[in-house]
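According to Swiss-Prot, the repeat 'ANK 1' annotation covers 5-34. Look at Swiss-Prot and you will find 39-68 tagged as repeat 'ANK 2'. Per Swiss-Prot, the feature repeat 'ANK 3' maps to 72-101. Annotation source Swiss-Prot lists repeat 'ANK 4' at 107-136. Residues annotated as repeat 'ANK 5' in Swiss-Prot: 140-169. The repeat 'ANK 6' annotation in Swiss-Prot covers 173-202. As annotated by Swiss-Prot, repeat 'ANK 7' applies to 206-235.
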Amino acid sequence: MMSNYNKNNLFAKLAYGDLSEVQALLKSGVNIDEHKNERGETALYNTLFTGYMDRAAFLLKHKASPNIPDNSGQTILYLLVMNNSIDKMKFLFENTTNIDLEIKSFCGHSPLHAATFNENIEAMELLLKKGADINSKDSFGASALHGTIYNNKLKAAELLLNHGADVNAKDNYEDTILHNIIGTNNIEAAKFLLQNGADVNIENNNNFTPLDRAILGQHKELAELFLKSGATIKIGNTMDFKILSEKLLDMNIDKELVFKSLLISNIDDQTKFQLLSDFNFKADIHHKIGLLLSLTLNCIFSAYK
């Protein structure tokens with residue numbers, strides 16, 4: 001069994017030794033990827049990041065793998081992306097076809113996730129051109145698009161959407177990106193998502209819609225935006241009648257929007273009218289009359305179907 005000293009000594013020879021000596025070691029059967037330094041870096045890893053590109057090209061020519069993570073779980077490609085080292089990324093792609101684009105960090109982040117953290121657009125474009133999975137998810141089920149929106153990187157988000165990213169992708173809790181931005185109260189991001197096809201009535205694993213979240217969290221501007229975008233008010237296990245009435249009253253939400261949403265809601269007709277009348281929800285009288293007429297007409301039309 002080889003000692004750690006000998007292993008590290010072989011790493012040093014592979015990473016820093018004369019190339020003729022390296023070639024002799026490889027001919028003798030030394031595994032080019034097995035020998036690492038104390039940080040878990042292979043000779044290829046080390047030479048790329050110390051700038052010895054001729055040696056890196058030599059090692060790649062002799063089948064050194066770019067896919068071996070260091071002690072922090074980061075591959076060469078992942079760290080190049082994090083550092084926005086575009087020239088070295090291109091060098092790697094030009095000198096080997098053996099690059100796994102989907103090896104993830106300990107947090108489950110792919111290189112594409114990493115590229116979005118700092119909105120490294122050129123790195124994103126290069127990865128997507130090489131076939132990176134645009135909807136790949138991390139350990140929490142979040143796609144790269146989740147991260148761009150949550151961190152308000154809308155330029156990166158637009159690039160992902162233009163390449164086919166799923167705007168309604170769900171995480172491990174079945175929350176969509178629209179659900180997740182409620183806590184940030186990011187109106188600009190919400191508008192961006194809705195303009196790009198986000199489903200305003202989609203439910204998570206607790207049957208909450210984005211509107212439910214906005215109402216419960218008392219985010220008036222978001223709630224009104226969702227209502228304007230076709231969100232429907234609903235009552236169920238997650239939002240009973242009293243809670244809904246009190247929350248709407250507390251927010252002083254636009255009555256016209258509530259009125260219009262109730263017309264398309266699957267709440268029963270009696271409850272719709274009661275919602276405008278009870279619990280001190282003071283809708284204008286013409287709204288109540290309009291709703292009553294609408295409900296009456298709905299009953300008449302239903303009778304003739």
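A Cβ is built for glycine as well, from the same backbone N, Cα and C atoms used for every other residue.
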I need to check the long-range neighbours of the repeat 'ANK 5' (140-169): which residues 6 or more away from its ends have a CB within less than 8 Å of a CB in the stretch? 108, 110, 112-113, 115-117, 119, 121, 124-125, 128, 134, 176-177, 180-181, 184, 186, 188-189, 192-193, 196-199, 202
I need to check the long-range neighbours of the repeat 'ANK 3' (72-101): which residues 6 or more away from its ends have a CB within less than 8 Å of a CB in the stretch? 39-40, 44-45, 48-49, 53, 56-57, 60-61, 63, 65-66, 109-112, 114-115, 117-118, 120, 122-123, 126-127, 130-133
The answer for the repeat 'ANK 1' (5-34), taking Cβ pairs under 8 Å and residues 6+ beyond its ends, is 42-44, 46-47, 55, 58-59, 62-65, 68
What average pLDDT does the predicted model assign to the repeat 'ANK 1' (5-34)? 84
